[in-house]
Amino acid sequence: MATSYITTISTKYPSFRDEPLKTVYRWLEGKRQDDGAEGLWRIHDTLYDFTDFIERHPGGPEWLRLTKGTDITEAFETHHITVRAEGLLPKYKVREATQPRAVRLTFRDDGFYRTLKRRVRDKLKDVDYGPAKRSKLIIDSMLAAAFGLAFLAIRLHSYALATVSGLFVCWTMISAHNFFHQRDNWRMMAFNLAFSSYREWRVSHAMSHHNFPNSILDLEISYFEPFLCWLPNPSIKNSVKRFASWVYGPLVYSFLFYGEFVKRLIETYETGKNTFFLDDLVTLILPTFMYVIGATSLWEVIKMWLFIVMVASFLFGLIGLNAAHHHPKAVHDGDQIPADIDFAVYQMAAVIDRSDTKGSQFMVLTSFGDHCLHHLFPTLDHGILPQLYPVFFETCREFETVYREIPWLQHIIGQHQQLARVETMTYEPSKKFT
């Protein structure tokens, strides 16, 4: 039992968090102001200069280029399971940081996360990597199905088939999320299939949400405010909003992808900085394909394509926002957590897994399944994660931390309850989950 508690993992309120237009670039700029990295890269309490290493970074240069001037402690720990990267650090060391870290999460050598990481490191020598190849086959098949169904939909003028195509677009994009966590590869670009950007999601999801879930540093919390407010804070949601969001929430899901695109247009216009890249043209591949083979007017193609995008957006929101995090028993900023909380324990506090996806690689890949282990080791293919459960459960028992999971229906109910929740709760890692 912890002797003291805190209500947030952040030592300061994030700069620019409450600006009306919330973007990944402003989040990164806020981190540069708040993290005490002094224009360099910060890992724990040491500053490094990776300028000469950017283009040689095995995961791709963008990870380092974007994060210059910020604290990358959590990302460094979770993205490097072997000791190779740690061994390179002395070469790039500049000096010790002069300010304390802005995040309270701990990575003690004898703590939960580093203990688990050592065990996973040993386990990876013996795992079967065949399921990782199966992940590629699954996403390739779904991508082909999305295009095939779009072909049939436009040829037969069938919006029923377009709906199914939208489902496969959604599944393809969720599966692509598995790949943009990894070193640069072409499958990560499938995430751009419907107005979204894997580049921006590497920041909002991989760097922000993954490292600081359900906190005030989590862009996947702040993005949805003031419409969907999951933090148990009565000052940001009145009685009407707490329950009205149950009604208009599905409308928000339906326009998620359009909203991402419009937001980037506004940011480009307001800042004069282009936020679009050549790979954003991936969004136009599906409608171009439909027009070329559709034997119909451009207007009919546009209408059906926008419908497919809306269906994909709705389903993406339905699956993603009810995947693991938003439940009254999942920790959100404002709830009480142990003051010296380990990184892994905090992830488990903010995650309640889906029990109904276990055992199906297809379900896991298309529904953000095995969510807790994915947060702890995001660069590992989802197909590998089930083989890590024995060492994970062993570590849970050793550190008396309860792993939690419930069926999807309870997640959906819980997510709506969380929208209405304003009372805070206390998280105790060893408390039995009921």
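Glycine is no exception: its Cβ is also placed from the backbone N, Cα and C atoms.
Among the features that TrEMBL reports, domain 'Cytochrome b5 heme-binding' is placed at 22-98. Positions annotated as transmembrane segment by TrEMBL: 137-154, 160-180, 243-261, 281-299, 306-324.
Secondary structure by DSSP for the domain 'Cytochrome b5 heme-binding' (22-98): 39 helix, 11 strand, 27 coil. Here the transmembrane segment (243-261) touches the transmembrane segment (306-324). Their Cβ atoms form 3 or more pairs under 8 Å, with each pair 6 or more residues apart.
Tertiary neighbourhood of the transmembrane segment (306-324): same-chain residues 150, 153, 159, 162-163, 165-167, 169-170, 173-174, 193-195, 228, 250, 252-258, 286, 330, 351-354, 366-368, 371-372, 408, 411-412, 415, selected by CB-CB distance under 8 Å and a gap of 6+ residues from either end.
A Cβ distance under 8 Å defines the sequence-distant neighbours of the transmembrane segment (137-154), meaning residues of its chain 6+ beyond its ends; these are 161-162, 164-165, 168-169, 171-172, 175-176, 178-179, 187, 190, 193, 286, 289-290, 293-294, 296, 300-301, 304-305, 308, 361-362, 365-366.
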